[in-house]
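What follows is one structure encoded as structure tokens, with my remarks underneath.
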Amino acid sequence: MAAGAILKTTATLTVITTLIILGTGLFYMLSGQGHRFDIGWFLTSTSPHMWAGLGIGFSLSLSVLGAGWGIFTTGSSILGGGVKAPRIRTKNLVSIIFCEAVAIFGIIMAFVFVGKLAEFRREDLPDTEDGMAILARNLASGYMIFGGGLTVGLSNLVCGLAVGIVGSGAAIADAANPALFVKILIIEIFASAIGLFGMIIGIVQTNKASFGNK
């Protein structure tokens, strides 16, 4: 119930925010003031470190959210099933470990992204083509880390949910029939691979990210 309510609330807020942005853009465009809704100006005027910081934050926070949600889902089933079948408590801790690995993926990638940061001062750039090229490279690096952080965070969020739900089913099935545990564990391993895929894509996305005034 709680998980469903959180998902519905998140979806509602996302839809409302999207409609507000679209409505504002359409209003300015249809009223002849489209220049006031300049997304390009916003993207090029903001600091690339801001985008990189947001990417790092999303990578860590969404991964921890997915891990916590998965542990909550699995843990409640293990505790409930363990009342009638105490033998399931120990071996079903594997599901908890899989969920915890999701958070570890996010932490590792956050450190990888932080390692790519370096000092960059826009005002020190020369007003030449080389200066514009350096600015473009730093802006692109910020966007890369932002996109990589979103990729890792969302992948780990979905991975944590999948592992938690499958782990919950594994605990209940194991309590009823011990022969089912290994079969469901295979499904859980494939579910946990989603987070690994997100890590790999995040590394590929940020492979060429480079900050600095040179």
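Note that Cβ sites are derived from N, Cα and C of the backbone, with glycine treated the same way.
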One side of the membrane in Swiss-Prot: Thr9 and Gly131: no
Recorded stretch, among 10-30, 94-114, 184-204, maximising Cβ pairs under 8 Å relative to the transmembrane segment (52-72): 94-114
Contact set, same chain, for the transmembrane segment (10-30): CB under 8 Å, 6 or more residues outside the stretch: 36-37
Positions whose Cβ lies under 8 angstroms from the topological domain 'Cytoplasmic' (31-51), at least six residues beyond its ends: 24-25, 117, 120, 122, 138-139, 141-143, 145-146, 211
Residues of the parent chain within Cβ reach of the transmembrane segment (94-114), under 8 Å, 6 or more residues beyond its termini: 52, 55-56, 59-64, 66-68, 70-71, 74-75, 78, 145, 148-149, 152-153, 156, 159-160, 163-164, 166-168, 170-171, 185, 188-189, 191-192, 195-196, 198-199, 202-203, 206
Close approaches to the transmembrane segment (145-165) from elsewhere in its chain (Cβ under 8 angstroms; 6 or more beyond its ends): 51-52, 54-63, 65-74, 95, 98-99, 102-103, 105-106, 109-110, 113, 116, 188, 191-192, 194-195, 197-199, 201-203, 205-206, 209
Distant-in-sequence neighbours of the topological domain 'Cytoplasmic' (115-144), which means Cβ under 8 A and at least six residues beyond its ends: 43-44, 47-52, 205-206, 208-214
